[in-house]
There are 2 protein chains.
Amino acid sequence: MDPMEKTKVALIGLGTVGAGVARLLLDHGDRTARHAGRVLWLEKAVVRDLKKARGCQLPEGVLTDRLEDVIDDPEIKVVCQLIGGIEPARSIMLRLLEAGKDVVTANKALMAEHGPELCDAARELGRSIAFEASVAGGVPIIANLSTCLSANQVESLAGILNGTSNFILTKMHADGVPYSEVVAEAQRLGYAEADPAMDVDGSDAAQKLAILAHLAFGARVDWKDIPRSGIDTLDLADVRYAREMGYTIKLLAVAELDRSEALELHVTPTLLRDGSPLAEVSGPYNAIRVVGDAVGPLFFHGQGAGQMPTASAVVADLVDTCVGRTAITFRSLELWSNRPARVSSADYADAEGRFYLRAMVDDHPGVLAKITAALGASEISIASVLQHEPKEKGAPVSLVIMTHTTTEGAAGRACAAIAALDCVRGEVVRLWVRD
Amino acid sequence: MDPMEKTKVALIGLGTVGAGVARLLLDHGDRTARHAGRVLWLEKAVVRDLKKARGCQLPEGVLTDRLEDVIDDPEIKVVCQLIGGIEPARSIMLRLLEAGKDVVTANKALMAEHGPELCDAARELGRSIAFEASVAGGVPIIANLSTCLSANQVESLAGILNGTSNFILTKMHADGVPYSEVVAEAQRLGYAEADPAMDVDGSDAAQKLAILAHLAFGARVDWKDIPRSGIDTLDLADVRYAREMGYTIKLLAVAELDRSEALELHVTPTLLRDGSPLAEVSGPYNAIRVVGDAVGPLFFHGQGAGQMPTASAVVADLVDTCVGRTAITFRSLELWSNRPARVSSADYADAEGRFYLRAMVDDHPGVLAKITAALGASEISIASVLQHEPKEKGAPVSLVIMTHTTTEGAAGRACAAIAALDCVRGEVVRLWVRD
Ligand SMILES: NC(=O)c1ccc[n+]([C@@H]2O[C@H](COP(=O)([O-])OP(=O)(O)OC[C@H]3O[C@@H](n4cnc5c(N)ncnc54)[C@H](OP(=O)(O)O)[C@@H]3O)[C@@H](O)[C@H]2O)c1
Ligand SMILES: NC(=O)c1ccc[n+]([C@@H]2O[C@H](COP(=O)([O-])OP(=O)(O)OC[C@H]3O[C@@H](n4cnc5c(N)ncnc54)[C@H](OP(=O)(O)O)[C@@H]3O)[C@@H](O)[C@H]2O)c1
């Protein structure tokens, strides 16, 4: 390699991730040079507010609040777009592509929402977009799905994709503290944002799942169409019953081919059997289990967010883009092209699985018989039942039922029927179970 | 993509792995075409014996026993070299490179032994070598180390890299059956070869570790210089004591930077705390835990051998090679080049860790004091001790000691001193411990 050869790169956004990327480029340029066969030269970093303190030392002249300093410099070939949200991120990305730059981004919301538009633009302009950091932070799941599994039909993918939710769930299990208390602590510790709604209601995981499902199955889904529920409504009682039965509850994102090869997608709190790899993923970690028909099950685990893990993924993309690997992958995969989707979407009501059901019931004889009958009417058979003595005589008790395999639709109908019984108080809690 | 564009490929060797690759190319050409943007056309498959039954249906004219059919066909651009052992695999590989072909291989022995010579030849000839399948079968650890971790200084790597050993160990733990019995069963089931020596004595894992250490640390080590011991001398008693103390024994391959940034390498049966990800890897699975200074710990788990998982890795390499990604990676990484190694080798005696020690001792008062003194003389402190009542009065008993952190050298010296004590019968068993 010519030691003097260099590729000029720029950052848009110098927040948590941007500052981490700047540190890797400036403090550890030898690594990127070794992998890229050239120096990745940080030419500009664009921010809104020039006065803000930055978590990195930039050489004179690098920091700017003028996007034009990047757009108008033809020598800047690759740009990391590291601002969050949809606008102005989307418009900036389009301007960068139009100006002839390849783009690396960590913005999952943008890719999930505008992947087709952005990838079409990049293709037309002969440019590429890389987005490893947008899903699972430091876990290189995008690269693995895009290149390492090329000989496989992926059959299923199940992942813990939201670190905030997993951190909160881990605390709820370990300390027996309800959601509302843990979320406050997670905010204090910086594991949850001031407004954690997208993280805890399943939206963030659904955005990431939409991206992974596109790569793994050729699906084209709007993340808003993915059936989802979050941990924000999870009752500590269900965490306790799950534990008692040998399960851990995780916010699981699932994409799976059904018997008719249609793709079933959902994001929900799910009971996982203790000891299974996904059940053991704790704190802010992310993990993904992918099953390919040739390779069998593969499991990936690592830090799903945080400054340096995310920056690690961004810089790997930057190297791949500078050396030309990304251009090849982007072109051959035809990401979000106008080719028809390779799979059809399954009807969520047909999705097969086991369920955890909990109802508050009167402590009378015959109640279990009525509930069993309601389940039987939906052809659901019972795998196990858990009911403790009432705290005081006559008080309603929690009845927990684990079903055998049934469908989402049947389970939903049965729950409605159970909730309508005289002996049942309130709604029936229903959670997915995976072994 | 032009649907008619095709790249002609060939296989040398059509055994377990070769037949799997042929099946993926012939039965699932749509997948490779989708990822490569062109058809990968299986033009020739070279074997020794044309009459042998093959685990795949080949079109007329593909099977041949003439290597020249591949060498002399300039339209065959990429060749999978899937014969085992060193010769003639090495000479064939050189001839293929000289004939202008890029090569994909699953042969770890060849890469570990002749990586420098082969990579030098490929570089000089402007060709590439891809070898994902040579380590950990279906687990894409080579790609992840080569590209996804480019922003990191890898700090440590620990892996279960030999499926045969892991299968045997899992059985020894689960069924309490000694090594000799399990190895016979593993042979019957096809998990161990007729001559499993390289698998069970740590040689196979050391070859794979040498390859991974080259990629992760820029080390240039001869696998034969890696300190190693296998599971073939592992006593069932130690499996039982380990379990009693909450540990599982695995054949672990470790590459780790020490305090002075020198690289410490070894392959040994190691006690891993139950519940840690590597301890839970069972049966023929492989797993690798890599710690990068930016990304933190990453964990990869999957099938380490077997026809289709290995073929999956070969075909991924084939696609990467056909589209040009491999050429870029091979060139920029400068694999096994004559550049000096990036790390120096640590002295194994200086390697730090905790140890499990077991001695047969006389059941007399004062024995523990003598052994403690011997450990103290090597400045080793004791973390825990396990000693059961003797089966019959006066019979020698097993004394098990877990040390605090010390060095390999100190532990070795202490064991020699302990073995020399009057009250100790025979050698002292010594195993590494990792939490
Ligand atoms: N943080 C993580 O762990 C993580 C993990 C994976 C993915 N991501 C994704 O990475 C992206 C960045 O996240 P972050 O945590 O680094 O966000 P952040 O800390 O809020 O930083 C955002 C940066 O963008 C800059 N910015 C915003 N609007 C701008 C504009 N119009 N022009 C120029 N600069 C502008 C801000 O400038 P000022 O500093 O001047 O305000 C700030 O430096 C998001 O899409 C996020 O979802 C983050
Ligand atoms: N099996 C696994 O799970 C696995 C996993 C990872 C890596 N690997 C590696 O993959 C390689 C192949 O393994 P395998 O299990 O497929 O071996 P295998 O079943 O023994 O097959 C070897 C093949 O090579 C052919 N061959 C041998 N010498 C030849 C020569 N001089 N000219 C032409 N063909 C020749 C044989 O031809 P005939 O059939 O006519 O005898 C046979 O088809 C080895 O390096 C192994 O270490 C294997």
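Each residue, glycine too, has its Cβ placed from N, Cα and C.
Features of the protein shown, as given by TrEMBL:
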- B:Lys208: active site, proton donor (ACT_SITE)
- B:Ile12, B:Gly13, B:Leu14, B:Gly15, B:Thr16, B:Val17, B:Gly18, B:Ala19: NADP(+) binding site (BINDING)
- B:Lys108: NADPH binding site (BINDING)
- B:Glu193: L-homoserine binding site (BINDING)
- B:356-433: domain 'ACT' (DOMAIN)
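The highest number of surrounding Cβ atoms within 10 Å, among the binding-site residues B:Gly13, B:Gly18, is found at B:Gly18. Close to the recorded NADP(+) site, the chain also has B:Leu11, B:Gly20, B:Val21, B:Ala22, B:Val47, B:Leu82, B:Ile83: residues not among B:Ile12, B:Gly13, B:Leu14, B:Gly15, B:Thr16, B:Val17, B:Gly18, B:Ala19 whose Cβ is within 8 Å of the site's Cβ mean position. Every protein chain shown contributes to the tally, and the Cβ of the residue listed as 'L-homoserine binding site' ends up with 13 other Cβ atoms within 10 Å. DSSP assignment over the domain 'ACT' (B:356-433) gives 23 helix, 31 strand, 24 coil. The DSSP secondary structure for B:Leu14 (NADP(+) binding site) is coil. In three-state terms derived from DSSP, B:Glu193 (L-homoserine binding site) belongs to neither a helical nor a strand segment and is classed as coil.
A separation of roughly 15 Å, to the nearest angstrom, links the Cα atoms of B:Gly13 (NADP(+) binding site) and the residue listed as 'NADPH binding site'. Cβ neighbour counts within 10 Å, taken over all protein chains shown, single out B:Val17 as the most crowded of the binding-site residues B:Ile12, B:Leu14, B:Val17, B:Ala19. By a simple count of nearby Cβ atoms, those within 10 Å, the most crowded of the recorded positions B:Lys108, B:Lys208 is B:Lys208. Among the recorded positions B:Gly13, B:Thr16, B:Ala19, B:Glu193, B:Lys208, the ones whose Cβ sits under 6 Å from an atom of ligand 2 are, in sequence order, B:Gly13, B:Thr16. A Cα-Cα distance of 17 Å separates B:Leu14 (NADP(+) binding site) from B:Lys108 (NADPH binding site). Within 10 Å of B:Lys208 (active site, proton donor), judged by CA to CA distance, lie the following binding-site residues from the set B:Val17, B:Ala19, B:Lys108, B:Glu193: B:Lys108. The number of other Cβ atoms within 10 Å of the Cβ belonging to B:Gly15 (NADP(+) binding site), over all protein chains shown, comes to 17.
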